[in-house]
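J.: Feature list, courtesy of Swiss-Prot:
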{"type": "REGION", "residues": "1-39", "note": "region 'Disordered'"}
{"type": "TRANSMEM", "residues": "63-83", "note": "transmembrane segment"}
{"type": "TRANSMEM", "residues": "89-109", "note": "transmembrane segment"}
{"type": "TRANSMEM", "residues": "157-176", "note": "transmembrane segment"}
{"type": "TRANSMEM", "residues": "180-202", "note": "transmembrane segment"}
Amino acid sequence: MSSQYTAIESDVPQAQPAGATGPMDNQMGGEPNSGQINSDPSSWTWIQRLKQSSHPVALLFYIGFRILPIEIYIFGNFFIGFITKKNRFILHFIVLVLLISGDFWNLKNVAGRLLVGLRWWNEVNFIESSSTGEFENVWVFESADPSRYINPIDSKVFWTLLYGQPVAWIVLGILAVLKFEFLYLILILIAIFLSFTNALAFTKCDKFGKANNLATGFLSRASGTILSRLNPFASR
């Protein structure tokens with residue numbers, strides 16, 4: 001298991017909107033306008049929260065890919081019935097497969113990298129020391145520069161939906177068993193497997209990146225201390 005570094009552009013918090021009222025305006029007796037954003041984050045609407053995202057387009061696609069497969073699974077047959085009365089199950093199944101695959105790819109390659117600065121992939125390497133031609137499965141983790149700004153809204157939405165979607169699929173799987181919908185159960189098992197794979201991989205990637213950054217910081221401080229002590233011109 002190894003880790004590599006990928007250069008991801010630095011994110012900076014968005015500037016305060018021009019119409020926002022600052023503390024000095026309140027002291028001067030200025031009245032807040034109705035169109036101004038409330039300075040209390042706890043009272044923000046979902047639209048206001050999403051506007052504070054560092055990558056709003058990536059965040060919207062991430063939310064859509066996470067939620068849409070579940071909604072289509074629940075309500076898809078109803079809406080497909082308005083389009084065609086034949087082969088509804090086949091069309092419903094194909095649409096779900098495409099959405100689940102798109103969600104897996106988007107989360108693994110786009111959303112994780114932009115929203116939280118993490119990415120992972122799997123490699124199969126040949127074991128040179130093996131005489132039987134064996135291969136080993138290697139998980140490779142990438143993390144952004146520790147100095148990169150991670151937007152708290154992006155991070156919270158990312159981790160909430162990362163762990164929340166597998167739970168929803170498990171509940172739907174239990175309902176499919178109770179209804180004897182075993183063909184749908186196969187699709188749900190695939191969705192659970194892919195969701196758990198991403199959840200496990202990003203959890204390990206996050207822990208590995210934090211441990212790597214901690215070790216790097218410790219070594220840099222230790223080497224700096226040793227060099228300063230060995231330097232005869234260093235001030236004491």
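Cβ atoms here come from the backbone N, Cα and C positions, even for glycine.
Describe the structural context of each listed feature in the structure shown, including burial, neighbouring residues and relevant distances.
T.: Outside the transmembrane segment (63-83), and at least 6 residues removed from its termini, the chain residues within Cβ reach (under 8 Å) are 89, 91-92, 95-96, 99-100, 102-103, 106-107, 111, 157, 161, 164-165, 168-169, 172, 184, 188, 191.
Tertiary proximity for the transmembrane segment (180-202) is limited to same-chain residues at least six positions away from its ends with a CB under 8 Å from its CB atoms, namely 69, 73, 89, 93, 96-97, 100, 103-104, 107-108, 112, 116, 118, 120, 139, 141, 162-163, 165-166, 169-170, 172-173.
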